[in-house]
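Copied from Swiss-Prot, the annotated features are:
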{"type": "REGION", "residues": "1-133", "note": "region 'Interaction with PDPK1'"}
{"type": "MOD_RES", "residues": "78", "note": "asymmetric dimethylarginine"}
{"type": "BINDING", "residues": "78", "note": "GDP binding site"}
{"type": "SITE", "residues": "124", "note": "site 'Arginine finger'"}
{"type": "CROSSLNK", "residues": "158", "note": "ubiquitin cross-link"}
{"type": "CROSSLNK", "residues": "357", "note": "ubiquitin cross-link"}
């Protein structure tokens, strides 16, 4: 499990009929000081309105996550059993991924108590110490844990890392599969996604996919955003031979990383051709520069491109951040209304976006802007 949510301590707290709230067990021992527990105990053994709810509290540079449980029955002292099995992490840790684990453990212990008085019986309750020890070690080591409680009960737990929100898929973005396309043609996806999958080829942009698949644009964007979330696709810009690219510092990884070399050469070699050489591919990437279009690259390096598919060369470079696109952004420098559509000429909208929104081709847009003295082009 990532260090961002490493568990420093697991504790079991309960309400004692005479002593009140107390920590019965903790692993490692004495991790939670008396001062810390006194500060947070009202959130560990709580009032009824907070029971059976996930609670995260930060105090004294520690973050405690728990789910206080209350089981009411006349067999218990004061007619209720109150307990909490929780985790302690660093105050700065991102603990969202641990919350479902804490909630699930609270549910398991509640079930075990209702079925066999596991928590309220001293003999069985003592089994919590080795259980907590295994939990701490295995969740920190691998993010998953299997806990045999008794002959008929086993608990399976897994930390599901929270993925960041994917970027918004714009109509001018081009989705590219991150793995073999054929792996994803199955019924695990919703109907909209199944309908657009055949049109994702790494070259069609979102708007074109929408038109050719006959699916409403916003539905296509939502479906692609879902694929982005699960890492099935990534986004690159529209490929045209007038595009300009330049290498990033990561292009050096192509020399140092053997697995990246293998993936790159397999990806960019023309179908049915002899395998491309690393020397040729690296030279092609390094030949990209401001002012050099893809068309220029093809004209200057026919020998190196004998076995290299230039479209896949660009595509792979963008996917792996070996290269980046330099895009043109029109900026209107006066209020002349002839600069229509003026709202798109602010320096914030690329040629890709403007062409998708207006239906103009790159050539048409270029001709229009070249003849407009009130427009300058910013490359970035």
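Using the three backbone atoms N, Cα and C, a Cβ is placed for every residue, glycine included.
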Across the region 'Interaction with PDPK1' (1-133), DSSP labelling yields 51 helix, 41 strand, 41 coil
Taking every residue in the region 'Interaction with PDPK1' (1-133), the average pLDDT works out to 91
Expressed in Å to no decimal places, the gap between the Cα atoms of the residue listed as 'asymmetric dimethylarginine' and residue 124 (site 'Arginine finger') is 21
One should report the C-alpha separation between residue 124 (site 'Arginine finger') and residue 158 (ubiquitin cross-link), rounded to whole angstrom, as 24
Out of 78, 158, the listed recorded positions, fewest other Cβ atoms within 10 Å surround the Cβ of 78
Residue 357 (ubiquitin cross-link) to residue 158 (ubiquitin cross-link), Cα to Cα, whole Å, comes out at 45
